[in-house]
Amino acid sequence: MSLLLGTTITISSNHWMMAWTGLEINTLAIIPLISKSHHPRAIEAATKYFLTQAAASALLLFSSMTNAWFTGQWDITQLTHPTSCLLLTTAVSIKLGLTPFHFWFPEVLQGSSMTTGLLLATLMKFPPTALLVLTSPSLNPTLLTTMAIASAALGGWMGLNQTQVRKILAFSSISHLGWMTIILLYNPNFTLLTFYLYCLMTSAIFLALNTTKITNLATMMTAWTKIPPLAATLMLALLSLAGLPPLTGFLPKWLIIQELTKQEMTPVATTIALLSLLGLFFYLRLAYCATITLPPNSSNHMKQWQTNKSVRIPITTLICLSIMLLPLSPMIFATT
């Protein structure tokens, strides 16, 4: 309830103090969920998360106070002072995990459970993203473009040598944040569309991994012995997150590249499209491990034959949407 309350306060507020209050409620609400397992790794993750988010919230409050000092405005949409804009961009980047402030996110996600990791990757990113969209006319285009390209590059490179699935999904999130940020100044609606579709696909993958108890590549190689249909659809959901046509994940990348080309930013569009190929490599590796690899020939992990074979309806619905939503995309533009 506190998570929903904090998110609602932030995205519906028009005053910087209320937005800051919502972010603080969110931070304090997620910490018990991260540390509930009482494992040293979980306590470490909760501590890192608290320190990082507290520093970002303080910076955001300082940014809004600086703007109010010089302009007399506490309105979120009236952020006009250059120093305040720079401080706000830094604060929101820390909260989201944009490069070069990404170091905390993979560690925190690795120390959390799958369900808490899902909240960190989706719901907790919604309020900072909303603040970015609201203040987008005041932000620095060069800084945002540089951070976006760096996030797409680092998310792909750092994910290449990972074996833990949660860390791979963390770097995937950083890479997708780059796509959301690069289009923010030119079409904020595409930023929100990318975020919504990312949440949809990531939710399907996290819930499927939680159902099959997959934590690393070794356990993923035995996914077919637990729930074979779920392993097959999980492969398609991973490829959709990679952005391969004709799956759902192709839609935001297609629209973003098209919009960047219209804005005469073809070199930027080409660069970020090439950098997404790095992420495609580890998505393909995950999909390969989930469906094509046949243990025990290439895996020394013990098979779990006695497992719960039931798959809940929300997981199947989310996976179907994350795979087959692309043909419905004309309806989005027909209604807007």
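Numbers run from 1 along the shown chain.
Cβ coordinates come from backbone N, Cα and C, glycine included.
Where the annotation comes from TrEMBL, it is an automatic prediction and has not been curated.
Among the features that TrEMBL reports, domain 'NADH:quinone oxidoreductase/Mrp antiporter transmembrane' is placed at 13-276.
What TrEMBL lists as domain 'NADH dehydrogenase subunit 2 C-terminal' is 280-333.
Feature annotation from TrEMBL assigns transmembrane segment to 15-34 (among others). For the transmembrane segment (15-34), the list of distant contacts is 2-3, 5-9, 42, 45-46, 49-50, 53-54, 57, 60-61, 64, 67-68, 74-76, 95, 108, 111-112, 116, 119-120, 124, 127-128, 131: same-chain residues at least six beyond its ends, Cβ to Cβ under 8 Å.
Listed by sequence, the residues of this chain that lie at least six past the ends of the transmembrane segment (46-66) yet keep a Cβ under 8 A from its Cβ atoms are 16-17, 19-20, 23-24, 27, 30-31, 34-35, 74, 79, 81, 83-85, 87-88, 90-92, 94-95, 104, 107-108, 111, 120. The transmembrane segment annotation in TrEMBL covers 46-66 (among others).
The transmembrane segment annotation in TrEMBL covers 86-105 (among others).
Residues or ranges marked as transmembrane segment by TrEMBL: 142-161 (among others). Packing against the transmembrane segment (142-161) from elsewhere in the chain are residues 86, 89, 93, 98-100, 102, 106, 167-168, 171-179, 181-182, 184-185, 268, 271-272, 275-279, 281-282: each is 6 or more residues past its ends and has a CB under 8 Å from a CB in it.
According to TrEMBL, the transmembrane segment annotation covers 168-186 (among others). Note on the transmembrane segment (168-186): residues 96-99, 102, 105-106, 109-110, 117, 121, 125, 129, 132-133, 136-137, 139, 141, 144-145, 147-156, 158-159, 162, 194-195, 198, 202, 205-206, 241, 252-253, 256, 259-260, 263, 268, 272, 275-276, 279, 282-283, 286 of its chain, located 6 or more positions outside it, place their CB under 8 angstroms from a CB of the stretch.
Residues annotated as transmembrane segment in TrEMBL: 192-209 (among others).
Marked as transmembrane segment by TrEMBL: 230-248 (among others).
According to TrEMBL, the transmembrane segment annotation covers 268-290 (among others).
According to TrEMBL, the transmembrane segment annotation covers 311-333 (among others).
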Mean per-residue pLDDT computed across the domain 'NADH dehydrogenase subunit 2 C-terminal' (280-333): 70
